[in-house]
Amino acid sequence: MTTTPTSTLVGPTTPAPSVLEAPSVLEPAIPTYHTDFGFIPIPHRLRYNPDKPFHFGLLLNVCFGFASTFMVANLYYCQPLLIKFAESFDVSYSVVSRIPILIQAGNDSSASGLLLISPLGDLLRRRQLVLGLIGLATSITIGLSITHHHATFEALSFLVGMFSVTHQILIPLAADLAPPERRAAAISVVLSGNLFGIIIARALAGLIAEFTTWRAVYYVAIGAQTFVLLGTYLMLPDYPSKNLDLTYWDILRTMGKFAVTEPLLIQASLIIMGSSACFSNFWVTLTFLLSEAPFNYPTLIIGLFGLVGVFGVALGPLVGKFIDKLAPWYAALISIALLACFQSIQIAAGGISIVAVIFVTIGLNTFRQMLQVSLATSVFSISESARARINAVFIISNFMGQVMGTSVGTKVFINYGWRMSAALGLGLYGCQFLVLFLRGPHCQRYTWFGYEGGLEARRFVTKSSETSEDPEACPGVEKEWGTIDAKKSNQTVT
């Protein structure tokens, strides 16, 4: 007997009217606020009104991407400046390489931003949360610009990473607001902002540090974040909390549950971890590669080199539209295959030809983004009311990969050279293939291995897991609601 598929590895997303209409429970009234933080007035046009819902159009989507750009940039200003830091603080390359590791660790370690802060998007008003995070990150950046002690700089770098998680609030918010048929495209716009942040940070840091002190880079960062803070205040509507009955403990507990009980999320997280390790390894070691023979480029050129990735990032919205029409498992397969091809070129000629390095940079930026959009679109189909927590688990894996790639990749490069560092990346792409093939494109939600549902490449509408909310994810929903859909898929929701 043929079983109707209920989700995909990176599976179809569908409207979920049953999530809002099926239960006959009395929903609590959604409060309307007139101020942020109790004293800052919200512009009248941005106040929540259930009778006049906000329209999520291209302008607001682009604003999400713009805000993401300059908050993500906080995590990457340091990378072209490592040599400058070593000279300024009088430390070795191996010591100064801890700075990008600490920034990434602050962004996702077990006691910091992605785990403890970004899931709050399922609990708090997201406008207030975003404004608070931007304000904190801006204040800490002031400390980075004035400190003269390496240890203090490392500690502040960790804190900047911890509070620079605004983009991880905006990504699930975009997924919530966009219609299912445009969800991948909306996510890709915000992710394009993330990648532009990486590129702009490296290019801007290299350019400024070439003609003045590295501290000026952080002066510019303070100005950019202040501008984003003002723009967010004037543009971001005040959406209400999604889960009025949740506590912070519920947030952390259910996030932990998702991390070990959702096959789709675990598979996607392992793949993105390996991909991020490869991507971070490439970019961090590129600074050392281009500063040595045969290239011997100055900091300016190394920073500007990041601009070659703009072409790949600019394709992001088109990539999103492509994924909206294709079963994203296949988009992930195509992405990994092409990433492995470009990594092979880096192994062959990365330390010999600058043309090869440019070609590889464009390819890695393009298909790394395609892979991340595919996987994100997939995991957001698991539960509509828990997208911030699901995103937190997914992106923690992403940044764990970045920490691993930065740390291990730097050591391999220093001890064994550029070719072995690139070979490390190719090996990780091979591991991603193995994880992807363990679970096919149209498996049911709780299926761990296999290819049930067939190998159809086109996206199709099914009764996805998005319509069978886990009561643990949204305690205000009756358990029978989840059980009804669980019976349809021969699964038991606990």
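Don't overthink the numbers, they just go from 1 along the chain as shown.
Quick reminder: no glycine exception, Cβ is built from N, Cα and C everywhere.
The domain 'Major facilitator superfamily (MFS) profile' feature in TrEMBL is assigned to 58-444. Among the features that TrEMBL reports, transmembrane segment is placed at 54-77, 129-149, 155-175, 184-204, 216-236, 264-283, 295-315, 351-371, 392-414, 420-438.
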Residues of the same chain, at least six outside the transmembrane segment (351-371), with any C-beta under 8 angstroms of its C-beta?
188, 191-192, 195, 199, 271-272, 275, 278-279, 282, 286, 289-290, 294-295, 305, 308-309, 311-313, 315-316, 319, 322-323, 331-332, 334-336, 338-339, 341-343, 345, 417-419
Given 54-77, 129-149, 184-204, 420-438, the one sharing the most C-beta pairs under 8 Å with the transmembrane segment (264-283) is 420-438
Any contact between the transmembrane segment (54-77) and the transmembrane segment (420-438)? By contact I mean 3+ C-beta pairs closer than 8 Å, pairs at least 6 apart along the chain.
no
Among 155-175, 295-315, 392-414, the most Cβ pairs under 8 Å with the transmembrane segment (129-149) come from 155-175
